[in-house]
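> Here it is: the structure, laid out below.
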Amino acid sequence: MQLYLTLLFLLSFVECSYISFISNNADEILETDLIETLSYATLTVGEPYVAQSVVVTRVSAASHSPLSVSPKNRVSASPINSQDSDSNTRTAVQLSLSLSNYASQVSQKISAQTNNDPVTVSNIYANDNSKSKSSVHNLSSVSGVASVMPSASTMRKVTTLLSQTASTSTSTLFSSSLSISGTQLNGTLLTSVSKGTIDPLVTQMPSYSSQETKIIPSSLTSNKTIYTISVRTNAATATGEDSFIASTPASSTLFYPSNSTQDLVQTLASTTASPAYPSNRTQITLSPSVSLYSTTSPIYPSNITENGSSPSPSLSSTVSPVYPSSSTGNILLSSLFSTVDSSSSPVSSTLDTIYVSSSMQATISSSSSSRQTKTSSSSLSTSTSSTATTTENSSTTTIVNLFNAVSTDEPPTVFDRSPNPMSLADGVSNDGPIQTNKFYTNLIVGSQESPAFVYPYSLWKYTSSSYGFAVQHTTVDQYSYGGYDSSGNAEYLVNPLGIAHVVFSASNFDSSMTMQVDEMTLSSTRVVLSESNDSSNYLEIPLVQGMGFATGIYHGSLNAKIGSSVGFNTIVSESSSNLAQGILKYRITLLNGVTWLCYVIGPDDLTSTDFSLEVSSEYEIKASASVDGLIIQLAVAPSETDYEVFYDQAAGMYVTNFKLQGVSDGSTATYEFSYTTQGESASGSTMIFALPHHESSFSDIMQDYYTGIQLASTTKGVMNGYLTTSLQFSTSLNRQISWLPWSSQLGSNLLEYSKEQLQLLAEVANSELQVSISESISGLNTYYLGKVIDKYSYILLTVSEIIQDEASTKSTLENIKSAFDILLQNEQTYPLIYDTKFNGLVSSGDWGSTSTQYDFGNTYYNDHHFHYGYIIHAAAVIGYVDSKLNGTWAADNKDWVNSLVRDVANPSEKDEYFAQSRMFDWFNGHSWAAGLYENGNGKNEESSSEDYNFAYAMKLWGATIGDQSMELRGDLMISIMKDAMNDYFYYQNDNTVEPEEIIGNKVSGILFDNIIDYTTYFGTNTEYIHGIHMLPITPVSSNIRSETFVEEEWQTKIEPIIESIESGWTGILKLNQALFDPVDSYAFFSDSTFDSSTYLDNGMSRTWALAFSGGLANSIA
């Protein structure tokens, strides 16, 4: 009892106190608030946790120290765990804190439950604020829990950044009891998906032609073990005219398993090849330019820059990059580089290769020349050289800039130049290539009144009573479902549209208000609203993926106004000691019960006497005066009022875009979204929301910025708020995936084929190769011809790498080369055009109309990754096999193929001929297939599998031409899509991201920004909906589609219908079965009665189906 009285006495004098909870062990102290100073300026930095299973480290009572933070400096709310500790652990004390109002006093009750008896301490103090607040705190909001370490993966940290004596005062400015109904409250639903008749399967039959060269099945008399070859090369650059050369002579290293034999060594054309074991050193390219600086950050990419119009390195003395802890043994941990002289002309100087020793310092030297070298597109040239030496032989690690430009040259002239016939909306402009597939497409085409989905908000041009820009956030309880099947699974999930919760407006705006959209990047754009008669009076609204605030910046003499179609219930002015100086805070509760926080920041420190928001009606709030440079920030108030402090600490700073940067050591990739910010906040950071799949690959440091604030997205689960200016990631790359069949079951095991399997493969390949591939693609659009050419590239791989028949390999290679020549000469049915308006390569198929869909809308940037992925993979296979036969096909045609890569996935802003990352959305973790089309439900993607098929193709093409940046970037995209697609597209039974109402569907169907629709654009058959997320089945498929998921999907959706399906979809579904049951899959394709004309479309071969399922069936049995 004496202990309780002592604690009570202490609490009566200190509002934020240091309390020790004593357990059974008299020498064990559990620190709950690590703070000693009573200064009002001091900020507590600690780690409260959600009350789950945790362990507590024993600490010394004297080990704590006060922490203080300057409001103008960025705060990292890091763990306080520098204390001396031992290894003994105990069950954590479970804390709860509650505050409740009692007239003019606040009673504060803190309770602690140990393994024995509860301990309770109360503190009552006077509250002089004009209005008291009630709130409930649990463990996740208690300040300063120290040395608490998570013991389970489900543990979530909550950053604490609280003023020691934080206080809030409130004053109600407006209250209304007006009732609302109809669209004001519920919005409108857009659920229809237009259906077409174009089937993704290739129905045109091949053009048969007798081939003299055939495989002799009887010659295959023994079983074979196939050693999977992973080719890693340094950059061998085939440069175009007038380009700057910055590359080293091509060289390659082939990696074999430890039991490989010397006769497996293949010599690549124009390269110096040597077999090596994985522990031997490798070469990695850093180009076109890399700037390395000493850093203690675990995120290396932020120290890489590209500057200048030509490649040039900038290195500092004694570089100490820090690499992810998950990387393998040959990791650089301390200063490894000596001073590098880069003082010579930067015109063509570059750092080509770094060898990093795990035990010795490496000296890097670089020679350069200002000489400009001109070469033809088919030549390989070197104008610089770099060497790296170590004092002794040792294993090395290497670093690759993942976002090196593929090229900065003009696309080949074989592509005609012409501006796209699609018209942009008025007021749309950009300094550089215009993005065609990003979240803001609705703002640049059509009426410009459909929303941009900037998770967690949607925003759109508002032209009703309050002209301006509307902001909406919908919650999980506003999801609508419909079309339930007999198992209770909903056909669709849809969010309401058109609920203008708040509207950025101005008293000056009317129906003549103009809208401009500019500064378009892969992550952001800017909307500018202005008076029609005076453009100096304008409102700018930056739209950035992940933004925690909707922000409007008022310029000129605009008189700010906030509107709402829902209507205002109450408006309260608040003050908070957690705000940076000069920020005014308001709490706006709408008539539907939703509360928004509003922060007002002026160019000079604002006070409530100088400026205020005034209510003019239930639907309008007006500023008391016009202020040039006024900033208004709006955010949905968190459900946990304790977490509101983080919005306070973030207010005043807003984001304008983010830069994408990353590096890889060959097995792990680290990358980040580095946000550009404006303004100042109390914490030096702002609020950024992350999607569920981000959490799977966050770097450890991100847990220190977690706030506990959660907001629902429209179709991608719950987002978490972070007090930060960057999102940082580290992820492992699956480097087992290469040319030949692979599954997660196979892992690092070797492929094996029996002689009987090889003989059947030979017979089927002989039959399927009796064609003219050139004639077989005649009359096909870009999508279909890509599928057909790629079909034969997989047969070529099978003949070359599995059957290993040289004569048939050569004849098949020539057959497919002849077909590809049609593309290289741009003489296919719908030639490609370089679009000078949107800076991309498009099909001419729909040049005359946006509604014809002859080429699935490729002309207007639909499906480019689907179409070009097949072509790029075929090119990679041709180049790979050709190089083994001492050919130079890849080097000769590199620029043409690279143009397709650049159109879809240009990684660098330095490439001015193509939009950066046109299709792949790095924030969402997958691509968007829809191009320049307005849609009220936002962007969409139907075929997830053809999305990652592009990344796989790009990876292999990068390996073929020695572009390791491209190769590893493909690996990174695959890794990201594995997380994203298993959250949003594929619904394993334990999926916790999407609602249970649709989990039973097993796949999304078409995933939109605003709706998940279990259907396809070409029909509602079950095999269509699931098959479009399967095709094509390739070595990368199992990395994305897990064995568990595929089996669940098979049992619930496919097995009940498979016997009734007799079409090309049958072959797709059965080959997909090989990802979990390759034995049964192989039995289907090897059956003597198998009918290819019934079960396969012309985009799929029986040869590859047998090679894929058969190899896996043998190797994992």
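Cβ coordinates come from backbone N, Cα and C, glycine included.
Here the structure is a predicted model, which means the values were calculated and not measured.
For reference, Swiss-Prot lists these features for the protein:
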ACT_SITE  ASP863  active site
ACT_SITE  GLU942  active site
ACT_SITE  GLU946  active site
DOMAIN    400-1117  domain 'GH81'
CARBOHYD  ASN138  N-linked glycosylation site
CARBOHYD  ASN186  N-linked glycosylation site
CARBOHYD  ASN223  N-linked glycosylation site
CARBOHYD  ASN259  N-linked glycosylation site
CARBOHYD  ASN280  N-linked glycosylation site
CARBOHYD  ASN303  N-linked glycosylation site
CARBOHYD  ASN307  N-linked glycosylation site
CARBOHYD  ASN393  N-linked glycosylation site
CARBOHYD  ASN533  N-linked glycosylation site
CARBOHYD  ASN886  N-linked glycosylation site
REGION    66-88  region 'Disordered'
REGION    365-393  region 'Disordered'
> Do you know offhand how many angstrom separate GLU942 (active site) and ASN223 (N-linked glycosylation site) by C-alpha?
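Cα-Cα, rounded: 41 Å.
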> With DSSP assignments reduced to helix, strand and coil, which class does ASN186 (N-linked glycosylation site) get?
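Where ASN186 (N-linked glycosylation site) sits, the three-state DSSP reduction gives helix.
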> Across the domain 'GH81' (400-1117), what does the mean pLDDT come to, as a whole number?
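Mean model confidence (pLDDT) across the domain 'GH81' (400-1117) is 96.
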> Of ASN186, ASN223, ASN533, ASP863, ASN886, which is closest to GLU946 (active site) if I measure between C-alpha atoms? They're all recorded positions.
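For GLU946 (active site), the spatially nearest of the recorded positions is ASP863.
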> Give me the Cα-Cα distance between ASN186 (N-linked glycosylation site) and ASP863 (active site), rounded to a whole Å.
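Given the Cα positions, ASN186 (N-linked glycosylation site) is 34 Å from ASP863 (active site).
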> In the structure shown, with every protein chain counted, which of the glycosylation sites ASN186, ASN886 has the densest set of Cβ atoms within 10 angstroms of its Cβ?
ASN186
> Would you count the other CB atoms within 10 A of the CB of ASN223 (N-linked glycosylation site), including those on all shown protein chains?
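A 10 Å sphere around the Cβ of ASN223 (N-linked glycosylation site) contains 13 other Cβ atoms.
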> Which of these recorded positions is closest to ASN533 (N-linked glycosylation site) if you go by CA atoms: ASN223, ASP863, ASN886?
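Minimum Cα distance from ASN533 (N-linked glycosylation site) across ASN223, ASP863, ASN886 lands on ASP863.
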> Quick one: pull the CA-CA distance for ASN886 (N-linked glycosylation site) versus ASN223 (N-linked glycosylation site), whole Å only.
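Cα to Cα, ASN886 (N-linked glycosylation site) and ASN223 (N-linked glycosylation site) are separated by 28 Å.
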> Tell me the Cβ contacts of ASP863 (active site) under 8 Å, same chain only and six or more apart in sequence, or just say none.
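Counting only residues 6 or more apart in sequence, the Cβ neighbours of ASP863 (active site) under 8 Å are TYR783, PHE856, GLY857, ALA929, GLY931.
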> Please state whether DSSP places GLU942 (active site) in a helix, a strand or coil.
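Looking at the DSSP assignment, GLU942 (active site) belongs to neither helix nor strand, so coil.
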> Please report the number of other Cβ atoms within 10 Å of the Cβ of GLU946 (active site).
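I get 25 for this one.
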> Between ASN533, GLU942, which of the recorded positions has its C-beta surrounded by the fewest other C-beta atoms within 10 Å?
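Output over recorded positions ASN533, GLU942: least Cβ neighbours within 10 Å is ASN533.
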